[in-house]
Structures are given as structure tokens and as C-alpha cells.
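**Student:** Before anything else, here's the structure in question.
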Amino acid sequence: PFFVNRGGLPVDEPTWERMWRHVGRIHPEGDRVAQRIRGAADLPKIPIPSVPVFQPSTPIPERLEAVQRYIRELQYNHTGTQFFEIKKSRPLTGLMDLAKEMTKEALPIKCLEAVILGIYLTNNMTTLDRFPISFKTHFSGNYFRHIVLGVNFGGRYGALGISRREELMYKAPVFRTLSELIFDFEEAYRRCWHTLKKVKLGHCVSHDPHSVEQIEWKHSILDLDKLTREDFRKELEKHARDMRLKIGKGTGPPSPTKDRKKDVSSPQRGQASPHRRNSRGDRRPSGEKKPADSKAMPDLNGYQIRV
């Protein structure tokens, strides 16, 4: 069965229980099937993909290829069961703990899980900038959503991720501009008969795995129905410029960590400079402005600060 643990290693009880409940709902003899699988002693062992380990001299492009290869080896989750619950409002440190769980259990994943895993596996690549890219497309009367992890190394853009379609996941860091990367994804969608409707771009993710800040998923929201082709390109380059300014000038005080911060309130941001906006409520309109969310408090359910 698709969710037998790879290598016979134990999986934490909550994940298993979710799988058994799903079997019980969709299979006419779900409970008996689940018990038969649990009690089987002769199930074949499935090889566990090895988490990539790098030498200090390994070039960043080679590291990215190895990370993408590992994500691909986990395989896309076609089961209809969500093995890992990901809340985008969780602090980065909580998401990194979840990524460790993914590497331990080695179960199939979907695109959002691949983004979290990509962040975790590239945290030690401090010269690499990472930021989320979300797509909304239309096909045959329905809307579809997808997300990848955008990367920038040496001024060249690429992406990490997983998808049912080969052309909608990994992109080597060879694109000179962010707009070239996004247009390449748009062309890939066109070949799949999908029409790109919206692109949502986040800001760069901290390399501090213990940061209690949230990932900024939607700094720029670009509605292609409201933008001309040239305006779309300009907005993409504006976002790329914003990220460079944020990196070049820093983001104010260091990211609060478990060791530095003893209360669990949302970290305070520095005063916005004239060249960029740090506040979520002050995001620049890019075809569509998303209303500020009054609930900015990170979701700390199931997370304890360790001092």
C-alpha cells in the first residue's frame, strides 16, 4: 500500500491515525484493511531517500540539483490524504520542525510541503535567497493553485518544488530576471492548457531555522486580468528590486530566536524606510491589494519555546 512506512521505520501516531481514518472512510472494509496492514510482518521494505549532505566546496547549483532530486525521490502524493498539516501562519521554527519530520517519515508530499522542505534543506546556503511563488490558473471552468520556492543565486533566478507536471517544478538558476522565470512558468502552464490568472510573491525567507517570525507569503499580488503585459513585467521587477533592497539594507534587528525571545508575541518590525515597506499592511498594490489581516499573531499551537 502507498503509505506503508519506508524501510519499516515507525511513524508518529498522529500521522498514522490520519491515514487509517481515511482508509476507514473510503474503503468498504476500511477498518479490517487497516488492521491487516498494521499486523503484516512480511511487507516489502521501500528504500528511504537519503537527505543530501554537502561538502563546503560543493557549488550552490549542484546543491540545488541534489535537493530537487531528493524532493523528487519522495514522490508526489496522489493519495488524496494530506500526510502533513502545514499552517502558513506558523513561525518558521515550527515549520522547520515539521520539515525534519518529513525527512524522517519519507512519505509522498505535495507542493506546499515541498516548499517547506526546500527551505529546510537550503538553510545552510546563506548566499542563496529563497522566496515563495504562488500561481492561480484556470482550466476547463475550474481554478487551480500551485506553489514553488523561488531561489536567487548570483543574480540568477530558479525554483525548487514538486508537481504532477515536470515543467512546473524545478527550474535551474539560469534566468537573468524574475520576470523571465515567471514567464517560463506561464509558458509551461500554457502548454498544459492552463491560463495564468494570478501570481503571488513573498519576500526572502530567513536562514535562521530558530526564527519565530512568519514567512511572508504574499508581499505582491499580481492579477493578470488587471495588468497589461508590460505592467506585469514591471511589477515583477519591482518586487525583485524590493527584495534586493531588503537584503542589502537588512531587516532591522536580528530575527528573534528561541534563545533570544522568551515571550511568544509577534516580533516587532523596524520602522519602514523610504525605499521599502516592511509592514504587511503597507504592501504596495500590484494589480490587487490584499486587505491587512488583523490576526498577525503566529500560530504557536503545538510549539513550545525551549530556552
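Even glycines carry a Cβ here, placed using N, Cα and C.
The shown structure was predicted, so the numbers you read here are calculated from the model rather than taken from an experiment.
Per TrEMBL, the feature active site maps to Cys111, His146, Ser163. Annotation source TrEMBL lists compositional bias 'Basic and acidic residues' at 279-293. Feature annotation from TrEMBL assigns region 'Disordered' to 241-307.
Where in this structure would I find these features, and how exposed are they?
**Tutor:** Remark: Cys111 (active site) has His146, Ile147, Val148, Gly161, Ile162, Ser163 as non-local neighbours, by Cβ distance under 8 Å and separation of at least 6 in sequence.
Counting Cβ atoms from all protein chains shown, His146 (active site) has 22 others lying within 10 Å of its own Cβ.
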